[in-house]
Number of protein chains: 4
Amino acid sequence: MDRRARASQKRRRLAAAAARVLHQQGVERTTLADIAREADVPVGNVYYYFKTKDELVQAALAEHQAHLDELTDALDRLPTPRDRLRALVEAWVAQRDTAARHGCPTGTLAVELDKRADGTLDAEAGAVIRRLLDWTATQFRQWGLPDPDDHALTLVCAYQGMSLLTNALRDPAIMTREGERLLRWLDSLAPEGE
Amino acid sequence: MDRRARASQKRRRLAAAAARVLHQQGVERTTLADIAREADVPVGNVYYYFKTKDELVQAALAEHQAHLDELTDALDRLPTPRDRLRALVEAWVAQRDTAARHGCPTGTLAVELDKRADGTLDAEAGAVIRRLLDWTATQFRQWGLPDPDDHALTLVCAYQGMSLLTNALRDPAIMTREGERLLRWLDSLAPEGE
Amino acid sequence: MDRRARASQKRRRLAAAAARVLHQQGVERTTLADIAREADVPVGNVYYYFKTKDELVQAALAEHQAHLDELTDALDRLPTPRDRLRALVEAWVAQRDTAARHGCPTGTLAVELDKRADGTLDAEAGAVIRRLLDWTATQFRQWGLPDPDDHALTLVCAYQGMSLLTNALRDPAIMTREGERLLRWLDSLAPEGE
Amino acid sequence: MDRRARASQKRRRLAAAAARVLHQQGVERTTLADIAREADVPVGNVYYYFKTKDELVQAALAEHQAHLDELTDALDRLPTPRDRLRALVEAWVAQRDTAARHGCPTGTLAVELDKRADGTLDAEAGAVIRRLLDWTATQFRQWGLPDPDDHALTLVCAYQGMSLLTNALRDPAIMTREGERLLRWLDSLAPEGE
DNA sequence: GATGAATGAGAGTTCATTCAT
DNA sequence: CATGAATGAACTCTCATTCAT
């Protein structure tokens, strides 16, 4: 592996470390030294890859976006929209322990970034959430249900809500209970005229 | 007004200012000077009322708790549990512009405090949310519905979820749409055997 | 002396220290710690009086302005414009050893500040020089000479030029030689029709 | 072109870039990356030509020296000392816009370098100025005027002074006014017994 | 109690210089 | 020779907390 490849790998390592540590400690309580340590990179070197702390936050958001895309790509291989949405909910529930400890990575990031006066980064956090919203709406639309956007909104709100409560009450069981309800809800839906 | 009364009034002013500013700027981006300024109290004086910044955060949480109690007390005067829950949802929707700008005060505070290693304050944030959960469950129980706890969980999750998305996407309309759905949902519920 | 008086005295001490150290070491090579040490003030405390390093530079400029004003006030007590201008030149020459080591405080500051992209502070440095220019022009005008502005420009240019060369060549004798020439020049001037 | 020639060409490009950028931004506000970029040379490569930043500053000084030598060589082709000195002043005035923006390259460099504790580089800056002084004195001597050194000092001081004021007040007209005065002064001079 | 001032431990960031290939 | 990457020391600035009156 040549120098350039190793360098870009380091960039990724930093982005991944940022995603992890920022999720656990939050943006404001995480120092660059924390991220550097997690990525095993000297502090001064971080600035070779990211000119500011904000760029690291941005990279972490991109990382979450990438994870989400991986997930939806995998789900897209399932036969029906209902299968895909069920699997989405199941993937959420599978993360319940992480959610109990640190909440939804994107959701909590969005909350923190929205506290800033400068609205640059929080718009990017919003974009990640909107992408999930769009993918979900697409599923409902393909399913042939009316008001697919409303259904998508309901589902994603439910996800963010249960993640927040799971985290705030430190109780993964919340995720299980609400997840099961969502599955029953999905099973109860039927396209018009079906 | 004697000295003690004036002092306790100052304490309240500080707590109220903390609640406001922390909601808007978040815990980590708010300095003691910010709160002191908002309360029109000299910085050095803050420490006679709150020994640490964390105590001010605690006071802000208590303030939110108090607001919530006021609200539920008012709702308790309504005739039926369904009326109360409907009014609760309507109260949420009425706050949509604030939610778009800063999210739910308690929810965003809980998110931020959960990022801390020290789990003292985030437990208190959880307690505020749990109190809302309990009050809501009580309504569903009085209504005679089965699984009142699950219903309560669903409703509060929906609230936190729609607040978060409203804030992240800076779109108060989300609150309106989800609020209307919740009202329809409440209208559709009926106790067993009714 | 009460707290407030002592505090404002500290502000002055800092401004004076800044003027001294910035003159000796230049803006860019002087750290806040240098100034703090010179003023015998803890580094963190500096920011109570000056929010940024630039404000300290500004304060140093004001200090130089004040020194200049003191000088011209003293000169204003002399009977004739020629006396005042002669005394001005003599005051410059008296500073020859300082000039050899560090140049003219205002002139060198202006040079450094003009290298900045942001033109805020260098305008203030220019203002100090312009004030000297104006005072000098006033003398020539009172003297009844034609083109008092041109004469003033010539005199101040000569001052800045000889300060620069004295400093660059580390030779106070330059100041003496040019100073004497300037005195002869002043003596040779006569108002029209005199 | 062989390797050695290409290499020495790169060295020159770097020296020229250094001269330009250091004049514009000053020594302390210029990074090696700035110079490397201006010369279109990779940062890491700079060190094959200049072991330290100071060596680049030195090279910039040499560049200014070379420019000055070019100028005086050209002037030396003029018939009389008076012609040469007049042409020198005219050359200065022709640079008035550059002077307004960045001052005299050598003069401002000397000011900055004199702020250093280490007196190595500022001596070199002084040497460049002294060379100008010497050339000028030679002209006055050839002219047959008494005190040629004093006349040279006066002329060079005037130049540095008017450059500094032009820069500090950002007014090229200063250069024009003082330049005209210097020309009149030169015209008024006559060797003894002439 | 009240208050302006003091303090010091970090935080993010920059950059000359060096290294490995 | 060339070069992207690495390094660490230093700097400016922030802020919770404490102190002296």
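The backbone N, Cα and C atoms fix where each Cβ goes, and this holds for glycine too.
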In TrEMBL, of the candidate ranges B:31-50, B:171-190, the one given as DNA-binding region runs B:31-50
Looking only at the domain 'HTH tetR-type' (B:8-68), report the model's average pLDDT. 95
Could you give me three numbers for the DNA-binding region (B:31-50), the DSSP helix, strand and coil residue counts? 12 helix, 0 strand, 8 coil
